[in-house]
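Here's what TrEMBL has on this protein:
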SIGNAL    1-21  signal peptide
DOMAIN    167-585  domain 'Peptidase S8/S53'
ACT_SITE  176  active site, charge relay system
ACT_SITE  224  active site, charge relay system
ACT_SITE  549  active site, charge relay system
DOMAIN    627-741  domain 'C5a peptidase/Subtilisin-like protease SBT2-like Fn3-like'
């Protein structure tokens with residue numbers, strides 16, 4: 001089971017909360033992927049303005065609001081606030097329009113909740129490192145005779161360290177859950193002269209209720225930011241790892257609460273504060289489902305990059321959903337979006353115990369059970385030693401009579417098997433007096449045992465190899481005494497296993513691009529699976545986690561090393577060098593690497609795994625980080641870029657082309673985006689042609705290179721093939737550079753269906769409160785309380801309202817759900833022409849912009865978007881979504897679906 005961080009839902013309006021709580025379906029594709037914090041808005045001012053003056057002027061037009069965040073920064077002048085109206089104009093569309101009309105306002109957006117990427121917690125330590133009885137050790141490293149950290153080797157970080165580059169003089173701002181700076185590996189202090197030298201807590205302990213910001217960004221309750229900080233800058237330690245850039249200065253910006261929740265206004269504030277505090281690099285392993293560069297958070301990031309600061313963002317962990325799973329602000333122009341690459345070693349973090357044989361003592365690792373082993377030192381007894389012939393004794397049934405009283409022993413037993421639970425084994429051992437049990441797992445990746453009988457003194461779990469080693473000694477007549485201390489004061493124990501199948505290849509869960517404007521996303525990859533790092537001391541001191549959240553700070557710290565080594569902080573130069581020197585990866589389908597060595601696509605892993613030393617040595621700098629040849633309707637037949645030779649000698653570069661695999665976005669007969677692994681378009685690749693096969697670039701000079709692209713032939717356009725590859729530039733000066741490109745050999749406008757009309761469960765009319773929320777039949781009568789005015793909205797309970805739902809195959813820049821009157825219903829209300837229908841207009845809260853793929857959904861309270869209350873009668877919903885690259889003024893560029901008609905009847909008052 002994958003244990004993932006759980007992000008709390010931010011509280012919405014009463015009606016929306018009631019509906020969301022009860023509209024449950026059996027198809028997870030219909031779950032809302034993009035929500036807003038109801039009644040809350042972000043505004044950007046025209047120049048320098050006062051939020052107090054704005055709120056005062058809004059009251060004059062009956063909009064009453066309380067401030068949320070002050071967003072008065074050099075690169076973003078604005079504020080966020082929450083409307084607290086008890087007057088008539090509480091509708092989002094009306095409020096947004098009135099806010100936008102104010103002379104002080106340049107832009108207005110909704111406040112949106114933010115989630116941390118769903119990173120996997122592989123294992124967590126048990127001890128507070130400040131209270132250990134002994135120092136931790138790394139036995140596995142001693143046998144190797146090599147203390148170099150594996151993830152550093154695969155990205156060439158070790159070579160930069162050997163050359164003396166450690167990030168000194170570079171400041172990295174971490175936007176996350178704060179940092180536990182009391183951890184000795186993170187300096188043990190906060191403020192000038194400390195590793196964590198600056199920062200701010202933007203949310204406090206009551207986030208979601210009241211903000212209580214303060215100057216102390218400590219992380220004691222979540223751990224995500226502390227893990228990120230260790231990846232960047234942990235001091236060398238006896239567990240055998242250190243940060244990529246251990247001599248940087250860290251800024252900690254606590255922008256998430258204890259469950260990882262936040263919002264985009266908090267993020268905008270955190271990024272801008274980190275910029276104004278002098279960060280050279282800003283990193284954030286946080287995002288929203290999206291892929292739209294016009295998102296306000298993405299816009300804020302773009303401005304920071306344009307102002308000269310590198311911004312590095314996690315690409316996301318939605319790769320299991322296949323191609324086109326981009327997020328914001330990883331889609332921001334200029335930002336570095338980081339994919340995850342599997343490490344070559346799998347670390348297992350355990351607790352250290354010891355054992356004695358013939359007077360010699362050694363260490364072993366164990367995982368604490370519940371109840372955990374305390375201060376125990378007893379002989380080890382393997383119950384299997386009493387088995388006769390080919391029989392086995394595993395405590396899955398009542399123990400035989402020849403088993404002695406076990407009260408004086410720690411009992412060694414295999415961890416069950418099919419149909420045998422550890423709890424049952426523990427009960428059978430307890431019946432023989434055994435109250436201290438050490439299970440050995442069926443493999444070398446032991447997992448949490450679950451809760452065991454409380455009558456046990458203690459329990460634990462060890463690896464298969466350790467269990468076999470104990471058994472072998474017992475079979476050889478040896479007496480073993482095992483000693484445990486309380487996990488809270490025991491040092492951690494780390495063991496490493498080779499990741500022979502997936503090491504060095506793209507993580508299957510890393511999110512795929514492209515962005516919805518077909519710009520390249522992600523940029524490149526970094527080690528992100530099974531990463532050991534620091535954790536809050538109160539939560540165990542160390543943890544192994546995986547996700548693009550881990551790859552992102554690794555990349556940010558590499559940028560710091562390169563900035564020190566190259567003597568530049570220019571974000572474009574640094575990103576261009578890292579992108580162009582990355583190592584391309586073979587395709588990996590999560591089972592096997594491609595037998596022919598064909599390359600993984602750009603939309604999955606960008607230009608590949610970053611190579612820090614190669615980036616340092618590179619002399620050629622490209623003017624762009626990638627080329628999008630767009631789709632077939634908007635195909636870019638020729639592109640150009642500049643190559644600058646920053647070296648001291650002239651160089652000649654041979655130009656070439658390495659195509660990657662082309663993947664289909666859809667499966668045959670389906671308009672829903674296919675899940676990972678997508679089908680391969682065998683043999684399909686773009687044809688690139690250059691004006692010349694090589695270019696000569698004098699020292700310090702630049703040349704323009706032009707390339708023509710012919711899209712792949714012999715592909716199924718209806719399945720929307722996404723092609724990609726690399727322009728190669730091999731120089732006589734030792735440079736080996738690549739420029740990634742991608743394109744779509746189909747029309748996103750014509751070859752995709754935005755709304756999945758064939759999904760009869762997800763695209764349907766349902767009744768709020770039904771569980772599961774199956775579609776209702778045509779002409780269903782919905783009886784609910786009539787909303788007489790806007791003041792009723794805050795007092796609504798849970799009623800059987802109609803719910804309009806539609807599954808979206810791809811993203812849409814604009815969507816709405818219109819109410820169509822039937823049989824002379826609502827004859828006294830004005831209608832508007834919409835896609836050929838006589839529409840009363842969008843229903844309440846259904847007119848939305850910049851939606852990710854997933855679903856559209858709105859609960860009909862009897863209200864239109866302008867708060868008009870409709871009369872009883874006969875209606876139907878029309879759900880419409882603008883197609884990708886569509887023109888909103890053209891009816892044919894809108895996808896639409898009619899839901900079944902229904903009746904509205906109001907309860908008698």
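Cβ coordinates come from backbone N, Cα and C, glycine included.
Automatic prediction, not curation, is the source of TrEMBL annotations.
TrEMBL feature annotations superimposed on the structure.
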residue : record                           : Cβ within 10 Å
176     : active site, charge relay system : 32
224     : active site, charge relay system : 27
549     : active site, charge relay system : 32
Note to self: Tell me the coarse DSSP state (helix, strand, coil) of residue 176 (active site, charge relay system).
What the structure shows: strand
Next item on the list: Do me a favour and check the Cα-Cα span between residue 549 (active site, charge relay system) and residue 176 (active site, charge relay system); whole Å is fine.
Entry: 10
Margin query: Can you give me the Cα-Cα distance between residue 224 (active site, charge relay system) and residue 176 (active site, charge relay system) in Å, rounded to a whole number?
Written below: 7
Checklist line | Secondary structure composition of the domain 'C5a peptidase/Subtilisin-like protease SBT2-like Fn3-like' (627-741) [DSSP: H/G/I, E/B, coil] | finding: 3 helix, 58 strand, 54 coil
